[in-house]
Structure formats: C-alpha cells, structure tokens
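**Student:** What follows is a single structure, and I will ask about it in a moment.
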Ligand SMILES: Nc1ncnc2c1ncn2[C@@H]1O[C@H](COP(=O)(O)OP(=O)(O)OP(=O)(O)O)[C@@H](O)[C@H]1O
C-alpha cells in the first residue's frame, strides 16, 4: 500500500448507489493530475486528502491510483483553502468571497472561521448575519466530516452520513454508539440489515437485546410486506430466530418483553396467538368499528318505497336491471355500507350509475374515488363525473410511506353524504383505515370491486374479508351482459375464473402462441410489440402493455424491460444515460413510479415518460403533470415497458401481452392470469406453453392472508 497526498481537482464520476467514485488529484509537489478511483463518499473539491492504495493499470483508462481509503486533511496552501471554501461546501461563501477571505486572513482563514468568527465581519461583504451563517455551516461541515469518518471506519458508506445527520444532527455518533438499531425504525432508507451491519461493526453482540428486538420487528414487518396484517407467534419466533441466527428461546423471551411494552400487539384467536405491528392492529380494529357504525347510521332517505324509487329510475333510464342490480340499488338506499362485486361485463358500471342517480335524487352530495389514478380516471369516464384518487380525496399532505398525512380525518371529515369507491380490491388495510376515518357519521359508503382480482399489494384483504364476514350488505353480480361476439376477453376472463381454458381458437383478439422455450417467448414478445402490433396500428409504447408474473428469469419483468427498452427506445447520439438502481434510463423511456410520494403528488403505479434527463435530475411527464426527480429519488422509478401483473392492477390497456412459461410456476395462479387478462380492452396475447397455462388455471389456492378483519366484523370475542 502506498500513500498519496494532494488536492481534489475535479470529480469525474460518482455513483450514489455503490459509492464508487472517480476524481482527479493534484498530488502535493507534482505538476500532473492523477486519476483516482475508490469506493467511498466523495471528498469536496479543493479538499486535501491523504489516500492509501496502490497504482494499477486500467485497460482503457491507463495508470490510475486505486484508493482503499482516504483521510481528509485540512488544506494548508492558500490556493487549497480558497478552493475548498469556494467549492460551495460552506453556505454563504462562493468563489469570490473565498478569495476575499483568504486575502484577508491568509493561512489562518480556517482557524478564524472556527475559533474567531467575530473577525469575519472585517471582510468586505460580510455582515453579522452572514458571519453567523458561515460559522454555523462550517461547524456542520466539521460534524459531518466526523460522522463520515466514523461511519467509514465502521464500514458504512459515507452516503448515509447526510441522511443520518439530517435525522439526528450532531447526536449521530452518540446515538450510534448507544443503539444503532434505532436507525431501522427512525431513518428512511435504513433497514434492519444496514443497522445491524453498523451495530456489529461497533461491537454489539449477536444476542444483544436491542438486536433481537429489532430483528423481531423486522421479521414482523416483512410479513406485512407479504400481505399479512398479523402472524402466528410461533411463525414469527421461527422467522426471527432464523434471521438473527439466534436461539428460539432467546427470541421468545425478547418477544414477550416487546408485547408487555406494547411495541407490538397481540390477539388470541381460537387458541392461536397472533401478533401485529401496532399500526396494522389499530387500523384493522378501527376499520371494523367504523364499517359497522357506518352501516347502521346512514342518514335516512326521504319517505318512499325503495323498490318504487328503483323502478322509476329504470323507466327513466330505459333500462331493465337484472334482479341483483336492483337489489344493489335498493341496498344503497337502505344501508350505510354496500359492497358491490362482480367480474368484467357483469354490469357494475351500470349499477353504479343507477346508485348515483337514485341517491342524487335524494339531494345527497356524492364523492367518487378509486385507489389509483388510472382507476379514478376510468370511473370519471364511465360515470361522467369527477372522480379522484383516494389520496386526493383525503387531501394528502405528505408524510412517509406507512404513515401518510391527510388533511381529511375524523376531525375534518369529508364533505359528503355518499362516497363511492371503485377497484376496492386494491385497497389495503391502512388506506381503508385512513379513508374510513375521514367518512363522517351518517355518510353512505359504496365499495365496488372484483373480489377475484389479486388482492392489494399492501397488507390485508379488505374486500374479501368484508364479503367473508357476511355482516355487511353485499351484492354479487354474476350474469355477464356482454355478448361473446362483443368481447371475447370478457368471456375468456370468466372462463379463466371458473378454471376453464380460454377460447383462443378463432378470434384474433385473444391469442395463444404456443412456444416452448422462454428465450423464444422473449424474442417473440419483442417482435410482436415492435413489428406486428405496430403494423396493426397500435402504438408500441402507449397502447401495448407487456406484463409478467415474475421479476426474474428471461421472461421476467427485469429482462423484458431491458430488451424492450433496447428495441423501442435505443440509445440516440448524443444521448445521456443515467444509471438508477440496476437499470439505465434514457430520454423517452416509459417509467413507473414505484411508491407513493405525497410530496411530489405521484403515486405507486403511475406511468409516465422521461421528458428531461441529466446526471442528477430526471423529469417525468405523467398524464396530468411533470414531476422532477433528484438523484436520491431515482430509486422510485422503474422502467415500465414490462410490468408485474401485481403492478398492473387497477389499470387498463388496449393490448396486454403476457408470457406464461413453466419457469414461472411459483406465480402461475388463476387469479394472476385473471387479473392480467382483465387489464386488456381490445386484445390479449398469451405466449408460452399449454402446460404452464393449465398450471395457472388449476391453481386457485390463493394464499390466505392472516387478518382478523372478518372476525372483528362478526364481533368474535377477541382479547
Ligand atoms: N341489466 C342489463 N341489461 C342489459 N344490458 C346490461 C345490463 N346491465 C349492463 N348491461 C350492459 O352490459 C355491458 C357491461 O355492463 P357494465 O359496463 O355496467 O359492466 P361492468 O361490470 O362495469 O363491466 P367492466 O368491468 O367490463 O367495465 C354494457 O354494455 C351494459 O350496457
């Protein structure tokens, strides 16, 4: 290992994700600049650093210094001090001011800022306020430097330093030494694994109680990520013990402690102890309470026979409703809560129109919404009224994932007599909780959705649980009104839902391409999208949506995205490419927002196109707005040429293309195929093997999610 000391001249490249950095160094006492590469947080321009590393010969870039670590040394030369101060690192000092400071205080400049800041006002252009600002910013830099050094010594990339500093200020080091596991709960972007890495490097024992407690919480949240609201105690202990490589008894002991301290919640149900993360426990309880209360407290409708009101509407609208549709209208008049479910073409929209009309006739103020932007847009189109996302209805004001902030709540409820929500199969327990909190007493709630679709990505199976409970009014529409010749997609969706193979014989709007190998399927998808469908007049980017059951493998989302990007949006010269998390973005790319971002007003599943791109900034054009992303937000975006079926929920596309190959067998489920097919309006193309198709059709074992919502609604005696 060699030592190399010098001044940082330019930062050539910096990758925020893995902290890989390339910069040019002016070695002390030498004339020529030297390229340096390494894995650490970037030093500041003009900073003096001492590098430890070795000289290597890069096949393309030639001789360079590969630094294993570096230490910052305060700049000593006048030019170095000026450069450092003028680099923008210190708030209130630009290059010109840096020059004036160095001219005035010379080699003592940094000492003056640090120890005699009252002298700063001697420099032209610095008043007391500016002097205070410089002094404070310098102190912060100093603290940051200390934190970075501390983190680097413990094997954590300095990229986390800014995050930690923003959260804890100067307390970071003290907090890390006391309980680094706090980070997993308190700092966005740091999970248990990272916190554990820091803790272990700080010398925390593998069986330290804080470690075991954090591991249990982490395991519990992972079950929520898999869609459960709660988990049996024995399963949690086993999972946490495996994760922590700890004894079951040790984990169990800490778990009891956490329960006593109410860090997580417990419910005994028929001899099984179920454990909940606190927020899901309260959400589930309140959703049940609220639904029962709303069911029984609806503002009464004006006198009149409900059946007559419905019949009157039918006559006026010149429509003859099916019996179940009539029941739905009457139930909406009679009860505070109504669930309306049914597959495609069973007349849900028509029924909603009827419900709207009869309730509006009562003089009720009605709001319409859906969990995603696309679904809200569709609802607006089919009803001809304003419909918004649930987030917008609740007037979201930001907050974090899992802890959103809404203006509308029990204290400031929605101004409505009726709220109708569509695509409720996509509502998880938390969003349902926030929604119901904001519904005032006496207001009617109509929940519409297709219970056979995949459940929400988030925890719970709200729609299914409500139906299972049998204590709230539910109308299930089963009669398919669309004729076979009108929509082969609808007919086939119902066949799939019954476990029967789709009819792919004659109709070009529902095709099955028998292809044996996954590689050939991927190649056929590219050809279809780029050539065949384009030749039929479909826009490959806007009209066609490729879906996939899985992320990995040749026909998985990741690979198909890469290939479709190369085929549909190849690099243009000169074209800037920006590397996000494991993917490359280019101008014009079709991308999807991966999680709710209340501040940017863009939500999980929204799709747009990259309108502007720069190393540190991307602007995505969504249908309703342009949204800028800074580098640190890039991980919120994913290429959307191909989407997982889960992510496509609630959206519709003219054409859906779906690989269905044996390699995806874990995910080959009937409701997944059903969800994918029902996304298409005009055409469905399945590519793969008959065997894989039959596997999907015959697998209707949808994994039951652990929730007790149905039991709570039924008033089961829970502890
Ligand atoms: N009672 C009825 N009698 C005759 N036709 C009906 C009846 N109800 C609905 N339809 C017709 O059936 C078709 C499907 O109805 P609608 O759009 O309401 O169903 P949907 O469940 O919302 O379907 P999708 O989810 O596919 O949009 C429409 O053409 C509609 O006009």
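The backbone N, Cα and C atoms fix where each Cβ goes, glycine too.
Bear in mind that TrEMBL entries carry predicted annotations, made automatically and left uncurated.
Features from TrEMBL:
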| type | residues | note |
| --- | --- | --- |
| DOMAIN | 89-104 | domain 'Helix-hairpin-helix DNA-binding motif class 1' |
| DOMAIN | 118-137 | domain 'Helix-hairpin-helix DNA-binding motif class 1' |
| DOMAIN | 182-201 | domain 'Helix-hairpin-helix DNA-binding motif class 1' |
| DOMAIN | 334-478 | domain 'AAA+ ATPase' |
| BINDING | 345, 346, 347, 348, 349 | ATP binding site |
**Student:** Give, as a single whole number between 0 and 100, the mean pLDDT over the domain 'Helix-hairpin-helix DNA-binding motif class 1' (182-201).
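**Tutor:** The answer is 85, the mean pLDDT of the model over that range.
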**Student:** Do any residues, 6 or more residues outside the domain 'Helix-hairpin-helix DNA-binding motif class 1' (182-201), come within under 8 Å Cβ-to-Cβ of it, and if so which ones?
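**Tutor:** Answer is 151, 154-156, 160, 163-164, 167, 175-176, 208, 210-211, 214-215, 217-218, 400.
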**Student:** Tell me the Cβ neighbour count for residue 348 (ATP binding site), meaning other Cβ atoms within 10 Å of its Cβ, over all protein chains shown.
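**Tutor:** Excluding its own Cβ, the number within 10 Å is 22.
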**Student:** Which is it, of 346, 349: the one of these binding-site residues whose Cβ has the most other Cβ atoms within 10 Å?
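**Tutor:** In terms of Cβ crowding, the pick is 346.
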**Student:** For the domain 'Helix-hairpin-helix DNA-binding motif class 1' (89-104), could you work out the same-chain residues 6 or more beyond its ends whose Cβ comes under 8 Å from its Cβ atoms?
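**Tutor:** Result: 44, 78, 81-83, 113, 120, 122-126, 130, 133-134, 136-138, 141.
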**Student:** Near the ATP site, what residues other than 345, 346, 347, 348, 349 in the same chain have a C-beta no further than 8 Å from the centroid of the listed C-beta atoms?
**Tutor:** 342, 343, 344, 350, 351, 477, 481
**Student:** By DSSP, what is the split of the domain 'AAA+ ATPase' (334-478) into helix, strand and coil residues?
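**Tutor:** DSSP composition of the domain 'AAA+ ATPase' (334-478): 50 helix, 36 strand, 59 coil.
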**Student:** Of the residues in the domain 'Helix-hairpin-helix DNA-binding motif class 1' (89-104), how many are helix, strand and coil by DSSP?
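**Tutor:** So the domain 'Helix-hairpin-helix DNA-binding motif class 1' (89-104) is made up of 11 helix, 0 strand, 5 coil.
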**Student:** List every residue in the same chain as residue 345 (ATP binding site), at least 6 positions away in sequence, whose Cβ is under 8 Å from its Cβ.
**Tutor:** 480, 481, 482, 487, 490, 494
